[in-house]
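The structure under discussion appears below in the form of structure tokens.
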């Protein structure tokens, strides 16, 4: 128990010592007094082997005097295996070998085990890297302001080790000294003036040192004044030399302090149209003036100059501030490229001419062209012929007398007028050239090819026009190829990608202009901007006819190669068809009746295709012919029905059979007749019966006087008062008596009033249909039988015998 307490105290002391010596303060090899770590080298090349030995002295470590000591290793926080042995003097030794050390920096710990825990008792710090790399491209420049020599170089690869860099310099008779040390990891520094020897050769180099070695750059042997960077000269005067009209003279001044130096200078100049500067070398700086020829007339130039010491190592000064100068003008020179078109002007005997030309080239314009003059005859003895056109443009339309074959064109500027260019208005004849083709040169040019004709050609004229442009408004849309043997040409002016151009080629013969050949081309193609919009022309139960309008040329972006029509129904049956680009309609066949379809079209070029929006259509249940047949059938049936109705209307017999005439008692004259005096006899009607229709048993017909039209009887003479009607009773057998009424009237359907003979009895012939039999009519009929009023049968007014039930 006492031993365990002593061991615990020793462990606490050991832990306290470790805490008092944190890891960041351990050097390459640190110990606790009772332990030490020795390594072969604390700095090794990266990837090489590392050996280490840990020694434990028990008598110096309290708590480790008794028992066996177990030593282990850790590389940073990773355990590594070593071998343990007994050393001299009762020490415990552990050896460790790392065959390949690939870390740039690490700590190697020696640990002992105490009560099952590892305690770090010693440490060694190991670094690995590479020897320093050789600095490259050392260069130095002397600053004439403070005469400090500023040197710079390129650092080599990182060595992963602490490195010291110094710029060394040595005179011809002096030892090497450190000229300067770069700060902050930079690769440049400045040697101060006291360490320099001007106008004497010095040796300068860069030295780089770390734990694995030293590297030096190439030694630079220079006179500091040879690497001095001078101030740029100042251009003072530029003027043209009158006697040498394409030459100019320049004057300049060198910087302060350089008047007695041997200087070498360069001059450069350019016009706004020039892509690069023109460089003039070999100018002696001390002269202060120079001349240069070959400049264009009437052209604006910008000049700059720089100088350096006459040494191969000397640095050029910066370019001087630019100075502008415009050379004097001269009358234009050279011939103008011309192109024309001519046609008769009608009955006036005149010739309408359209003349176009190219502006003079820069080396022929000799300044700014002010205008152009067209005449019908050349100048003679300084006399100017009248002008038919005087313009600043490069085309002119004018009228000339019939038979005009030559016109003359000249350009002029402020210095004079050019010699006239003779334009011969040749006739057009011959056959067009064969094999004219055009394709892209690049995105902004077109390459044209053709086959040479059999007849010799003096030149060719190429015309091109953007399809959407208005023709006749582009004077620059043509060019002349003066090589008559050429079979190819490059069009570079005004060509844009995704635009179509119509191209025409004219051969110029000695005495005529050949007929043109035509083609079209794109410099670059892509998919169309839009697809055509589909329209439905007609539809049936199995077919649908679609149409579309061709895309505008601006939207095509290339030659349309084909159109593809896609259609699909609701159950995702997708089909397609490809049609030629020249078509603008298509019929989809094999559709299902009464089905919804979605249709769209894709327009394609060589570079891709673009889809349109979808068109929704529904097929019909019947075809047009079936619908027409159905309507025709219904029409015929309706017409037949109308004919049958007409036939029935015209045929009285059929009419009587189908629609018998029933008389209307309310309209008979019987309903309007009322006797003057009615007897007060009660109607013998059994009270026990329900009211019901009366049965007609006997009808008495009263015949009117012959010869009188119905309804128009003359007024009768005054007669005696009518006798009082008398009722008659006829017993038809066992039953009830029926009273009869007497009916008379001169205005009832043309019947006349009959005398009062004795009544004749007729049988009721209802239902017989042959009209045979007699009707019995009593002389008087009481007015108490309203049921006998106004009864009409078959269109004749008759008197019926009724019996009240």
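Backbone N, Cα and C atoms are what each Cβ position is placed from, and that goes for glycine too.
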Note to self: If I go by TrEMBL, the feature transmembrane segment sits on one of 589-608, 609-628, 629-648, 649-668. Which?
What the structure shows: 629-648
Check: With TrEMBL as the source, which of 537-569, 669-701, 702-734 is set down as region 'Disordered'?
Finding: 702-734
Check: Residue counts in helix (H, G, I), strand (E, B) and coil for the domain 'Ig-like' (28-124), per DSSP?
Finding: 6 helix, 56 strand, 35 coil
Notebook entry, point to check: DSSP says what for the domain 'Fibronectin type-III' (528-623): how many helix, strand, coil residues?
Noted result: 4 helix, 48 strand, 44 coil
Item checked: Helix, strand and coil totals (DSSP H, G, I; E, B; other) for the domain 'Fibronectin type-III' (332-432) -> 4 helix, 49 strand, 48 coil
